[in-house]
Structures are given as structure tokens and as C-alpha cells.
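Taken straight from TrEMBL:
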TRANSMEM  26-50  transmembrane segment
TRANSMEM  70-86  transmembrane segment
TRANSMEM  136-154  transmembrane segment
TRANSMEM  197-220  transmembrane segment
TRANSMEM  241-264  transmembrane segment
TRANSMEM  276-294  transmembrane segment
TRANSMEM  306-324  transmembrane segment
TRANSMEM  330-348  transmembrane segment
């Protein structure tokens, strides 16, 4: 299917696009677009592990002065901007080099589906977890991450039904806010997050309120409106309601299972291992959404239950029934490692299959020689 995306965000159209159009001119024509996409993702990953090294349990910024060196925050602003730029120019570069392929589209959106959670998890280190005085509770973090992922899911569910990806306004705004937050933290120090901003509200409260407001009152209604409009114009991809709602089943079940674990965990797993747990949430979500993206691109039907749901259901049952006892953290660590490995393996396999099928290399513009 022909890729089509619509971007109506004024920030993107009037400010960011002209910047990207200037940056793209520096990129040599021999560089493969997927290399740009992948480089941005690697920068986000590297940055995430760097922050994790200094702040494994999200408490480093709760102390004053913070325990994370200033250069780390400035480096975070730099890597976030680079990743944002690379993610914004990869498509333009593909059109410049006439190398737009379904592989590139999948590569871009597949990595985005994972990067989305990594951005959020890195940001949590800025505001730190609740220490009685300042910070955000781990439950707020979980809800915050879920809302961001819900937004991401909505735009791809919408594309599954309409064939058009309406780029969410939240994307550009969130990237600019992230970069600003890192610069602010690097220049002023973490103290800026520990003082009330307006009427006793902290910056973090304002951001959470904005995020929830944006999602529930802008993104989600927009998604439903676009699907409704396609229905009226008779351009919907799927005839039945069942077909249209099918891609939502696995993500919703995933969210229910994870929430049950969070709420009923005997050892309070989220408070004990917030970084591991939230990373696992991001990875499982990304894998579920990648399947939806592939179905939407290949006009095939997604399976009702994603296979990750079965081992997850077992683990959650074993945890909340008390079967795991003191082993709960260890089992979370093993499960997280396994799903991460499975996700990477899945990505590599799909990439290789597509590159063979389309007779192209993933990271090079050279044509493959037919066997």
C-alpha cells in the first residue's frame, strides 16, 4: 500500500519543517535512510542507559543538588534533538534518494513504537520519584507511560482503519518540551523541578495535566473523528466493527494484565523495580504494535491474542497469587530479559525477510545481486 501521512501541527509545519529542510541538504546522497532512522534510535538508547547508570531507581534528582552530572542533562538534550531531527528527515531523505520502501516505513514506525517509551523513561529521571517532598509517584509514572503509549497506538489503529497516518500533534510538542526540560535541568539544576511553579503546582504536575488533557481531549477525539469521516466517505479499510476493533484487543489485554500486576503485586513490584517494570511495559507494547503496523501495511488481519499475553498472564497469576513469593523481582528480571530478546529477534527477522523480499539492503543503497 502507498504510504500516506498527514501533518497539520503548526509547530511542525511552520517551525520544524523549514529547519529539517535545511538540515537534509547536509546529508550525503549515498547514506541509506534507514541508517538515519537507526542512528537516531541508537542515540536514544545510549542516552537512556547513560541516565540509568547514574539513576537506576529514579531517586537521583530528588536530592539537592542532584546526583546526575550536569553534562548528562546537556548530552540528553543533544541526543534528543538529534534523534528528533533524524526521525524527521529520514522520510525526506528516502524521497530525495528515491529509495522509499515498505521496509523503511516499517523500520521507522517500528523503532518509533519502542523509542516512545524510552523517551518517557528517560524523562522520569528529570523529575525523580516521589520522596515525600517532591517528585512523581511510580504509579503516576506508570499511568503517564500508558497514556503516551495509548496515544501512539491510536494513531496506528486509525491508520489501520483509514489507510492514512495522521501525525499526532503531541509528537512535535513532546520532543520540543523534552529538549527544553533537559536544557533547563542542565543549566538551572534539578532544583527547578522541586519548587512550585504556579498556585502550589509543580512543573511536573502541569506536564502531567497537559499530557492527559492533550490525549483525552485532542488526540483521541481526533482519531475517532477521522475514522468517522472515513466511514461517511466510505473509504474505511474494514467493513465490520469487529475487524475495525480487532487491533485494539491485544494492547488492551496487555494493559489490563500489567495493571493487575501493578495493583495486586504482593511485593509492590512497581515501587521495588520501577525501571525494570516500565522498560518491560515499553517493550511488550512495542512488539504488540509492530504486529499491528505490519498487518496495516500488508492489509492482513491481526491475530486476536498476541503470544506475549500468554507467558505474561502466567507470570502475573503466579505473582499475584503469592506463588512467586520473594522470587517476584527475579522473575520480572528474567521475563523482561526474555521479552526484550524476543523483540530484538523479531525485528531482525522481519528486517531480513523484507530486505530479501524487496531485494534491497537495510543499511545501504546498493542493490542486492539476485542469487
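Note: Cβ is positioned from N, Cα and C throughout, glycine not excepted.
In TrEMBL, annotation is done automatically, which means it is predicted and not curated.
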May I ask whether the transmembrane segment (276-294) has at least three C-beta pairs under 8 Å with the transmembrane segment (136-154), counting pairs 6 or more apart in sequence?
yes
Do at least three C-beta pairs under 8 angstroms join the transmembrane segment (330-348) to the transmembrane segment (197-220), pairs 6 or more apart in sequence?
no
Let me spell it out: take the transmembrane segment (306-324), skip the flanking residues so only those 6+ beyond its ends count, and list any with a Cβ under 8 Å from a Cβ in it.
250, 253-254, 257-258, 260-261, 264-266, 269, 284, 287-288, 291, 331-332, 335, 338-339, 342
In the same chain, who gets a Cβ under 8 Å from the transmembrane segment (276-294) while lying at least 6 residues past its ends?
106, 109-110, 113-114, 116-118, 120-121, 124, 141-142, 145-146, 149, 152-153, 156-157, 160, 247, 250-251, 254, 258, 262, 269-270, 300, 302-303, 306, 308, 312, 329, 332-333, 335-336, 339-340, 342-343, 346-347, 350
